[in-house]
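Below is one structure, written out as structure tokens, with a few remarks after it.
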């Protein structure tokens with residue numbers, strides 16, 4: 001599982017070289033354009049949702065849309081932590097990232113990513129209460145409780161990111177310094193450590209495994225109860241609207257969790273598909289979230305129309 005390198009400890013790595021995504025040289029310009037457009041659309045889409053939720057009084061007072069606004073905020077920053085580095089891989093610029101920059105990128109990625117895991121769980125719980133406990137929903141999930149739960153998700157995410165960054169960079173790095181990945185992530189960086197990484201790989205497996213698995217199981221439990229409640233709705237229109245509300249969330253959760261499990265719950269392993277799979281939860285998910293939540297949510301679309309018509313605060 002772990003490994004020990006015999007490279008001289010007299011050499012200390014001061015920066016890393018991100019090799020980026022493997023790609024045919026003739027597609028470099030096209031990939032640069034594609035990822036640049038995705039990044040711009042991701043920022044615009046998520047900022048638009050943030051502004052819509054903030055400006056519309058009917059939305060920012062409801063927990064469901066408070067959570068959606070926080071998700072858009074997370075996606076904006078998560079995309080900014082990763083995608084600009086991917087874009088730089090397609091231009092003839094230096095691929096180097098300072099040691100401190102690598103530490104920061106790993107910390108913020110795991111901080112924001114784990115916070116997003118917790119947030120998806122809260123969103124599932126919110127939908128469970130709204131559909132399975134509609135009469136008690138205003139009491140069980142109010143604005144104050146929602147704020148406390150979101151704050152707890154941020155704190156837990158920060159702790160998770162700090163643990164992973166501290167454990168990863170407490171190891172000596174004395175060369176080589178080429179990270180065979182498109183950003184500084186735990187598995188790729190650990191391969192360059194000049195010390196045994198068994199403990200790191202075990203902690204990563206257990207820590208991320210517990211976070212991802214527990215959140216995923218809670219989400220599945222919530223939706224099992226939701227489906228059971230939806231099937232009891234007598235009208236076809238009621239069932240359709242309930243399924244539509246939850247369908248967007250399930251789509252996002254699937255696109256996010258399946259690639260994460262593939263990457264992190266295989267300790268010590270490396271696959272040529274790792275980079276392509278990681279693009280789903282680092283690039284695709286933040287890009288899709290605004291599209292999914294606006295195109296499948298009539299209330300958000302109505303709020304967007306009100307805001308563009310200058311009536312967002314009415």
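Keep in mind that glycine also has a Cβ here, set from the backbone N, Cα and C atoms.
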Of the residue ranges 277-295, 296-314, the one that TrEMBL records as transmembrane segment: 277-295
Whether the transmembrane segment (243-265) meets the transmembrane segment (107-125): three or more C-beta pairs under 8 angstroms: yes
The transmembrane segment (145-163) and the transmembrane segment (277-295) contact flag, 3+ Cβ pairs under 8 angstroms: no
Remote residues contacting the transmembrane segment (277-295) - C-beta distance under 8 A, at least 6 residues beyond either end: 21, 35, 38, 41-42, 45-46, 48-49, 68, 71-72, 75-76, 78-79, 82-83, 86, 109, 113, 181-183, 185, 248, 251-252, 255-256, 258-260, 262-263, 271, 301, 304
Same-chain residue ranges lying at least 6 outside the transmembrane segment (65-87) that approach it to Cβ under 8 Å: 18, 20-21, 32, 35-36, 38-39, 42-43, 46-47, 49-50, 53-54, 59, 97, 105, 108-109, 112-113, 115-116, 119, 122-123, 126, 143, 146-147, 150, 182-183, 282-283, 285-287, 289-290, 293, 299-300
Other parts of the chain folded back onto the transmembrane segment (107-125), taken as Cβ under 8 Å at six or more residues beyond its ends: 64, 67-68, 70-71, 74-75, 77-78, 81-82, 141, 146, 149-150, 152-154, 156-158, 160-162, 164-165, 183-186, 211-212, 215, 218-219, 222-223, 249, 252-253, 256, 260, 281-282
